[in-house]
């Protein structure tokens, strides 16, 4: 074993063997746990469960609701840290596992953490995704067609890690670099995140795809995630400067989710995540899980739904009571030549845009869309079409636009909540997205919003 210090220590083995002693430690630590986070409620929607708040973190304030771009290896594909800063991003993601492998914990300790490594003055959230079961819905534009984005298919994207096995001690797997056997435990996950210096750090959890037919394994993963949280809390050395979030598991079983919510809330971590979704489940099931969980979570803590980034998913999830979201999709889809706009996703590689001299999104104020008279680049769809196929500049420019679009969408969502007009915002948003044709509204969207008092089909 090597790399992420994947070695069995006496401390880890002792904690593993004596759960009673661990629970006593956790209770003592949790009872005296400091918080480097302040949740300040700003407004609540009078109809839906949407909330607006301000999150005070060690590296500045963060407006909620928020979308968080993913800079897996301390680098957001297509953007420099300065360019990410210019999008108004104040909280981005890094991956604990990847940074633990490269540059490694010793380097992180030497330089003083990931903020200094990437010259990022704002907040960082880190998670340890060893096995990813994120579901990418492949929009027609991703397949270089020019059809309506209402028609969506999907494929499963699983990480490159092979032969990963989960035991009570941790996750065993082969290094993707040299296939060396490795072990990551809850304790070392926390140690790595302490070295990274992230403002928000996620517990190591046991994640099972929501499409798995093995209910017993899903139940086992839920209970193991609770036990691993206890080990993470006991190992956390810097609660006064770093915030540990728990992760609710339980698949699509609402009773398991409720039980996990009760256990996680009892641990009193500064924030709470809903994990294990975006794994291929039907959107109706996704919404039921999110709504069930938010009903059971404290009003004074941030709620983070992991792995969510499509615009329609974001605005619906906010209505269901969620605050924080992340996904690699905006930069990934940019590399396919796709621009996220208020009227849907446009595949600018398509020949129809070769003589379209309008802005990528006329309503967008990002550097790419903003006219030169307002300090922007004023680039057209025709230009992006010209460079998207063969030039890396195309992906770079669209990444800037797409990240800005989602951050600005969350800004508009927040403003609508504060003005107590979020139901009206939702009606306007979907009317614009589907050009006023209510027959094209996804059924899951209609039903999810109806469950919180918003009837999109009503005139």
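Cβ coordinates are placed from backbone N, Cα and C, and glycine is handled just like the others.
Please treat TrEMBL annotations as automatic predictions, because they have not gone through curation.
Take the Zn(2+) site that TrEMBL assigns to 364, 366, 369: the candidate from 215, 236, 396, 401 listed for it is 401. Annotated substrate binding in TrEMBL involves 249, 276 plus, out of the candidates 199, 205, 323, 326, the residue 205. TrEMBL assigns the feature region 'RNA binding' to residues 331-335, out of the candidate ranges 331-335, 336-340, 341-345, 346-350. Note on TrEMBL: of 307-313, 314-320, 356-362, 370-376, the range annotated with the feature region 'RNA binding' is 307-313. Residue 249 (substrate binding site): 27 other CB atoms within 10 A of its CB, across all protein chains. Across the structure, residue 401 (Zn(2+) binding site) and residue 326 (active site, nucleophile) place their CA atoms 16 angstrom apart.
Sequence-distant neighbours of residue 364 (Zn(2+) binding site): residues of the same chain at least 6 apart with a C-beta under 8 Å from its C-beta are 341, 342, 370, 401, 404, 405, 408. Predicted-model confidence for the region 'RNA binding' (331-335) is 95, expressed as mean pLDDT. Taking every pair among 205, 249, 276, the residues listed as contacting substrate, the largest Cα to Cα separation comes to 9 Å. Nearest to residue 249 (substrate binding site) in space, judged by Cα atoms and limited to the recorded positions 326, 366, 369, is 326.
According to DSSP, residue 326 (active site, nucleophile) sits within a strand segment. Residue 276 (substrate binding site) sits 13 Å from residue 326 (active site, nucleophile), taking the C-alpha atoms as the reference points.
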